[in-house]
C-alpha cells in the first residue's frame, strides 16, 4: 500500500507531489506505469533564468530534485498554497523588482525593529560613561553580574519565545515583545541601586529573549536561502548603526545631567525607551503575516502585492526550499516535533560554534567605553571615539557576508574572524602599561570592529534545518548558545585584573585558537555528510530516486536528497 499526501501531511513534513502509485493494480503494472510517468517528468526546464525551477548543479539548492520539482508540494494548510503552481514561470527582472519591493517593505522595517532592540539593549554602555556605576554605588563586578543575569534570562526566554511566535505568528508576537520591554527599559530611569539594577536586567532579558530568532523565522517567509544572509547582514548593520546613532544621541541626552535633578543616564533610559515603544506599537499595525496576507485597513484593502507578485513569491520560495511549505505560519510545534528538533545532532556543530566564536572580542565590546575612559579620554570624547569601531564593524560585516556567498564558503569565511582577532589580542596582552591612549584606542577599535560573521552562521542555521519545525527550534538554540557565550564573555574581564586585563586576554587568546579548530571541524563535518549522501544518491537510478521520494520516512535534513550548506 502506498503512502499518500494525506499521510505525509499528517506527519507535519513535506508533502510529496504527484504520488504515482495510488490505487494501482498488481505490482508489475504499477511499476511500469510509474516508470512511464517518471519519464514524462524528466523534460522539465530547470534553468534558474526561467523562474521554473532550480538546477542543483548551478545553484546551492537545499534539496536535489533531479528534474522534478513537482515532488515537493506544500501541505493544504500552507498559507500560500492557493498561489502554488509548479508550472508557473516568470522573468528574472520581475523577481529582482519584487525583491527590491520586499527589501523596502519588509527588510527595512525588520531592521528598524532591530534598531529598537539594540537601542534599549546597548544604551547601558553609554550610561556607564556617565558615572552610572558610581551613582548607584556599584563596581564593575556588579555590572558583570547584572549583565550575566540579563544574558541568562535572555537565553532562557529564547526557545519559549520562538514556540509562542510559531503558534501566534511572528507578526503578532514581535510587537508584544517590543512594547513590553520598552516599558521596562524606560523604568530604568528610576534605578536606585544594585538590587533594582539586577531586577531590570532580568526583566529585559526575559522580554527581549527570542526577538532575534523570531525575526529570522519571519524573514525566511519572504526570502530564499541565497538572499537571507545579506538581509541578515543588513539586520546586524542596523545593530551597529544603532551604536553610532546612540553615541550621538547619548552625546546630546547626557548633557541633560542635572535637569530636574536627574542624572544624564536616567534621561537616556527614559527617552530611548519611549522611542522603542512607539516603534513597537506601529509594528502591531504594519507587519503582514506572510507574502499572501498583506491586506488590512492599515496596509491597504488591496494589500502590497498583486496576484502575479504573490505567485512569484510563493513559488520561488518553495522551489528554493520545499521544507518551507511543510507547516503554516500559525501552527504550533508538537512535543514530539520539539524533541525531534532538539535531538537533531546534525545541527550541533553550529551550536558548538555559537558557544564560543564571539567570545574573543566580546569583553572589549562591552568594556569599550570603560577602557577608553581608563586610557584618559573624557565622557563625551569616549562616546564619539567608539564610532570608528562601529563603522569598521559594518564594513566588515557586509564585506565578509558578500564574500561567503560569492565563494560559497561559510565556515572558512567565519574562520577569518578568529585570524583577525588573534594578533590584536596578543598585542593587548603584551603592550606596556605606559602605552599611549591612542595606541590602546586603535587596538580596541580593531578588536571591536573584527569580522562579524553572525549573519553567515545564522543563515546556515536556518538553511541546514531542513524543515520549519527544526528551523524554529534551531534558530532559538543557536541564539541561546550565543547568549551563553555572552555570559562567559561578561565574566572574563574582572575587577581585580584591570586596567590591562592580562589574565583575561590570555584566556581570550586560548579561546580564539580553539575557535579556529571548531570552524575547520564544522566545515569537514558537513563536507563529509554531503559526500556520503551524494554517493548514495548518485548510485541510485532515476526510478529509485523517485521511489525514495515517494515512500521515504526520512524527515527534514535527514533526507537523502538534502544537502548541507558549509
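Positions of Cβ are set from backbone N, Cα and C atoms, glycine also.
Note that TrEMBL annotation is computational and uncurated.
Positions annotated as compositional bias 'Basic and acidic residues' by TrEMBL: 33-44.
According to TrEMBL, the feature region 'Disordered' maps to 22-59.
Taken from TrEMBL, the feature transmembrane segment covers 203-223 (among others).
Among the features that TrEMBL reports, transmembrane segment is placed at 235-256 (among others).
Remote same-chain residues near the transmembrane segment (268-287) are listed as 109, 112-113, 115-117, 119-120, 123, 126-127, 130, 170-171, 174-175, 177-179, 181-189, 218, 246, 249-250, 253-254, 296, 298-299 (criterion: CB distance under 8 Å, separation of at least six residues from the stretch ends). Sequence annotations record features per position, and here TrEMBL assigns transmembrane segment to 268-287 (among others).
Per TrEMBL, transmembrane segment is recorded for 348-370 (among others).
According to TrEMBL, the transmembrane segment annotation covers 382-399 (among others). Sequence-distant neighbours of the transmembrane segment (382-399) (same chain, 6+ residues past either end, Cβ-Cβ under 8 Å): 125-126, 129, 233, 236-237, 240-241, 243-244, 247, 250-251, 254, 368-369, 372-373, 441, 444-446, 448-452, 455.
Only residues 6 or more beyond the boundaries of the transmembrane segment (411-431), in the same chain, are considered here, and those with a CB under 8 A from a CB of the stretch are 353, 357, 360-361, 400, 403-404, 439-440, 443, 446-447, 450-453, 456-457, 500-502, 505-506, 508-509, 512-513, 515-516, 519-520, 522-523, 526, 566. Summarising the annotation, TrEMBL assigns transmembrane segment to 411-431 (among others).
Summarising the annotation, TrEMBL assigns transmembrane segment to 438-460 (among others). Tertiary neighbourhood of the transmembrane segment (438-460): same-chain residues 216, 225, 228-230, 232-233, 235-236, 350, 353-354, 357-358, 360-361, 364-365, 368, 371-372, 375, 377, 385-386, 388-393, 395-397, 400-401, 404, 410, 413-414, 416-417, 420-421, 424-425, 427-428, 431, 475, 478, 482, 565-566, selected by CB-CB distance under 8 Å and a gap of 6+ residues from either end.
Under the heading transmembrane segment, TrEMBL lists 507-528 (among others).
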